[in-house]
Amino acid sequence: MTIAVGRAQERGWFDVLDDWLKRDRFVFIGWSGILLFPCAFLSIGGWFTGTTFVTSWYTHGLASSYLEGANFLTVAVSTPADSLGHSLLLLWGPEAQGDFTRWCQLGGLWNFTTLHGVFGLIGFMLRQFEIARLVGVRPYNAVAFSGPIAVYVSVFLMYPLGQSSWFFAPSWGVTSIFRFLLFAQGFHNLTLNPFHMMGVAGILGGALLCAIHGATVENTLFEDGQDANTFAAFTPTQAEETYSMVTANRFWSQIFGIAFSNKRWLHFFMLFVPVTGLWASAIGLVGIALNMRAYDFVSQEIRAAEDPEFETFYTKNILLNEGLRAWMAPQDQIHENFIFPEEVLPRGNAL
């Protein structure tokens with residue numbers, strides 16, 4: 001018998017770090033966590049700081065913090081001033097020159113929150129890839145999460161990059177998001193944009209599929225327990241099915257005449273519909289960033305202008321958009337000092 005005697009091979013720092021990052025713990029860290037956790041912490045922390053203390057007086061002429069009297073629905077971390085263009089607004093940059101108070105007044109926290117937020121989302125997507133690899137499953141969760149990332153990037157980065165400055169991006173707050181919705185409708189007629197329509201169909205369709213699927217599974221659970229609560233009869237490791245696909249198929253065949261007969265196709269469809277909708281929405285936002293127009297039904301507009309008795313929901317909406325632009329712009333872009341005389345303000349066709 002031969003016995004080999006020798007020292008164990010020394011492990012490099014990379015292997016030691018790899019083992020520590022992937023150690024089994026309550027909250028998995030992983031390599032993705034190096035990006036995810038700091039960026040998520042700083043982005044969320046920046047939002048709480050801004051909504052608590054920081055005014056929007058110097059950028060939007062608004063009160064936007066709890067300190068000034070706003071509430072949860074009206075606080076916001078506001079976009080920088082229009083005059084700052086697409087500056088990264090670094091704390092040590094030429095605008096703030098290391099002055100934290102000045103940096104907050106200029107809107108630096110919006111850049112801080114948004115840019116750390118996008119890298120946090122990318123880190124979360126990488127986390128799903130990493131854990132899928134370690135557990136040994138396919139990475140469709142990460143693929144699905146590309147939808148929210150695409151919308152985030154298109155709304156908060158691509159849209160303002162296509163416009164004159166970060167000022168026109170949504171500020172981080174509830175009512176400030178509503179302001180962005182009204183702005184996008186008034187200036188881009190977004191609801192008539194086919195990509196926005198596909199996005200609405202995808203999100204509402206996904207919600208409908210989710211509700212139908214959940215209800216159908218609950219309807220066709222096997223009677224395999226004695227309790228009034230059916231949840232207690234299920235264990236995650238059981239080999240048996242917990243509901244009857246055959247019965248579900250029969251039910252929907254009677255309702256619609258057609259039904260899913262393949263669970264894999266059914267669940268892929270539930271993935272496909274909302275994610276495709278989110279991708280389509282992101283494409284639409286890039287379009288309006290470049291000021292591409294939605295559908296224009298010019299013949300209806302010409303006839304409505306000539307005939308006071310002819311009006312469609314389309315021409316009515318065009319007038320509403322004119323109103324949004326005329327009355328919103330002086331409030332929204334106070335730095336432009338817009339003054340519109342009475343004769344240029346929109347009026348209904350019949351007046």
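For all residues, glycine too, the Cβ spot is worked out from N, Cα and C.
Taken from Swiss-Prot, the feature transmembrane segment applies to 39-59, 123-139, 151-164, 206-226, 277-293, supported by sequence analysis. What Swiss-Prot lists as chlorophyll a ChlzD2 binding site is His116. Sequence annotations record features per position, and here Swiss-Prot assigns pheophytin a binding site to Gln128, Asn141 based on sequence analysis. The chlorophyll a PD2 binding site annotation in Swiss-Prot covers His196. What Swiss-Prot records for His213, His267 is Fe cation binding site. Swiss-Prot lists His213, Phe260 with the feature plastoquinone binding site, giving sequence analysis as the kind of evidence.
Feature map: Swiss-Prot annotations on the structure.
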residue : record                            : DSSP (3 states)
His116  : chlorophyll a ChlzD2 binding site : helix
Gln128  : pheophytin a binding site         : helix
Asn141  : pheophytin a binding site         : helix
His196  : chlorophyll a PD2 binding site    : helix
His213  : Fe cation binding site            : helix
Phe260  : plastoquinone binding site        : coil
His267  : Fe cation binding site            : helix
Cβ contacts of Gln128 (pheophytin a binding site) (under 8 Å, same chain, 6 or more positions away): Pro139, Asn141, Ala142, Phe145
Other CB atoms, at most 10 A from the CB of Asn141 (pheophytin a binding site): 15
Phe260 (plastoquinone binding site) and His213 (Fe cation binding site), Cα-Cα, nearest whole angstrom: 11
Stretch-level contact, the transmembrane segment (151-164) and the transmembrane segment (39-59), CB cutoff 8 A, at least 3 pairs: no
Which same-chain residues, if any, lie at least 6 apart from the residue listed as 'chlorophyll a PD2 binding site' yet have Cβ under 8 Å of it: Leu190, Ser281, Gly284
Around the Cβ of His213 (Fe cation binding site), the count of other Cβ atoms that are within 10 Å: 16
Length of the line joining the Cα atoms of Phe260 (plastoquinone binding site) and His267 (Fe cation binding site), in Å: 10
Inter-residue C-alpha distance, His267 (Fe cation binding site) and His116 (chlorophyll a ChlzD2 binding site) (nearest angstrom): 33
Neighbourhood of His116 (chlorophyll a ChlzD2 binding site), C-beta criterion under 8 angstroms, separation at least six: Cys39, Ala40, Leu42, Ser43, Gly46
Binding-site residues compared (Phe260, His267) - the one with the fewest other Cβ atoms within 10 Å: His267
